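What TrEMBL says about this one:
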type	residues	note
REGION	1-70	region 'Disordered'
COMPBIAS	20-35	compositional bias 'Low complexity'
COMPBIAS	36-70	compositional bias 'Basic and acidic residues'
TRANSMEM	86-104	transmembrane segment
DOMAIN	87-280	domain 'Cation efflux protein transmembrane'
TRANSMEM	154-173	transmembrane segment
TRANSMEM	185-209	transmembrane segment
TRANSMEM	233-266	transmembrane segment
DOMAIN	289-360	domain 'Cation efflux protein cytoplasmic'
Amino acid sequence: MSNIGERWQQRISKGKLSPHSADSHGSANSHSHSSHSPDTHSPDTHGHDPHGHDPYGHDPHGHSHTAHEHPNFKSFYTYRAEVRRVLLITLVLNIAVVILKLIVGGLTGSLSLLADALHSITDSANNVLGLVTNQLASPVPDRDHPYGHQKYEAVGALGIAAFLGIACFEIVKGAAERIISGGELVTMSATSLWFLLTVLGINIFVAFYERRVGNRLGSNILIADAQHTMSDIWITIAVLAGLIGVWVGVQWLDVVLAFPVALLVIRSGWVVLSANLPWLVDEMAIAPEAIHSVVMKVPGVLNCHSIASRGLLGRQVFIDMHLIVEPTDVLSAHIITEKIEQQIEQEFGPTRTNIHVEPHSYVEREISYGLGNHHA
């Protein structure tokens with residue numbers, strides 16, 4: 001063993017670093033496994049007697065990481081059940097909203113209200129779509145999906161954007177036809193107004209309920225659906241204003257208000273699209289400079305480069321990097337990568353880090369792709 005390796009083994013024996021079993025991890029040149037944090041290593045998850053962890057790693061206990069069932073995966077099933085419950089509640093409420101709007105729209109002949117009912121039908125369709133994608137979207141890898149299934153949820157959110165586009169087209173089309181060819185006069189009554197106020201109250205409850213739970217869980221599908229429902233609230237308010245105008249004799253107001261309603265729908269669709277498309281095209285999730293800064297604080301690291309990340313920060317991020325370390329033996333290099341994974345997960349949340357270890361003689365100043373010789 002080289003002098004450098006001997007120094008690192010001395011640090012290990014003094015308690016500064018402590019190894020896992022090297023047999024279960026292969027060579028230093030290709031080190032890849034799921035993320036770890038101090039919270040994920042407990043007697044319950046390992047199935048052996050309790051052992052203490054010092055700040056740099058683990059006391060020697062010779063176990064393999066390949067058999068872990070991570071708490072992140074366990075907690076996801078609770079997360080998915082809660083998302084499903086919220087979607088079922090909002091589905092029932094959205095169906096009630098559609099029925100009320102269709103009844104009032106049929107009684108009054110209001111074009112803007114019938115278009116609003118169409119928009120609400122997409123709410124119900126979105127809930128069904130959300131239930132399907134929520135069932136499929138799991139971070140737990142399998143043979144066919146080694147990186148998990150979470151992109152199904154982003155696909156569902158993009159489906160919501162598509163439904164918003166359809167609703168917008170129908171609103172503009174109906175308003176244009178009313179202007180060109182005219183149509184029946186819109187009638188209004190106090191009963192119809194009370195129905196619409198009830199609809200407005202339901203929509204407000206659904207939007208804030210979904211947004212609150214979605215933000216707490218970090219659920220794209222709930223946040224996107226809440227955004228959709230918020231657009232429905234503004235649409236209903238615009239329709240109410242138009243029908244009040246009709247009530248006092250301003251018939252053209254119903255048609256005119258159909259156009260700003262369409263603009264609100266377009267805006268909602270763009271917000272949903274821009275929030276989810278980067279996830280599907282594997283856009284950078286964490287700045288490589290930020291990852292580099294965390295890694296360089298770990299003792300024994302000389303440099304890291306070719307850093308790449310993808311996924312959704314706060315939910316699941318996949319990180320790849322090349323690591324140059326001081327020690328030359330496999331065991332010491334492995335201990336360093338373990339510490340790096342812990343530090344990365346503590347800093348950025350759920351991550352799966354793939355590390356390619358290189359010898360200390362290797363020189364590379366490029367920390368990420370497309371940055372040339374830029375280094376932190």
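Using the three backbone atoms N, Cα and C, a Cβ is placed for every residue, glycine included.
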Inset, instruction - Determine which recorded stretch among 86-104, 154-173, 233-266 has the most C-beta pairs below 8 angstroms with the transmembrane segment (185-209). - result: 233-266
Legend entry - Segment-level pLDDT (mean, integer) for the domain 'Cation efflux protein cytoplasmic' (289-360): 90
Inset, instruction - Tally the residues of the domain 'Cation efflux protein cytoplasmic' (289-360) by DSSP class, grouping H, G and I as helix, E and B as strand, and everything else as coil. - result: 26 helix, 30 strand, 16 coil
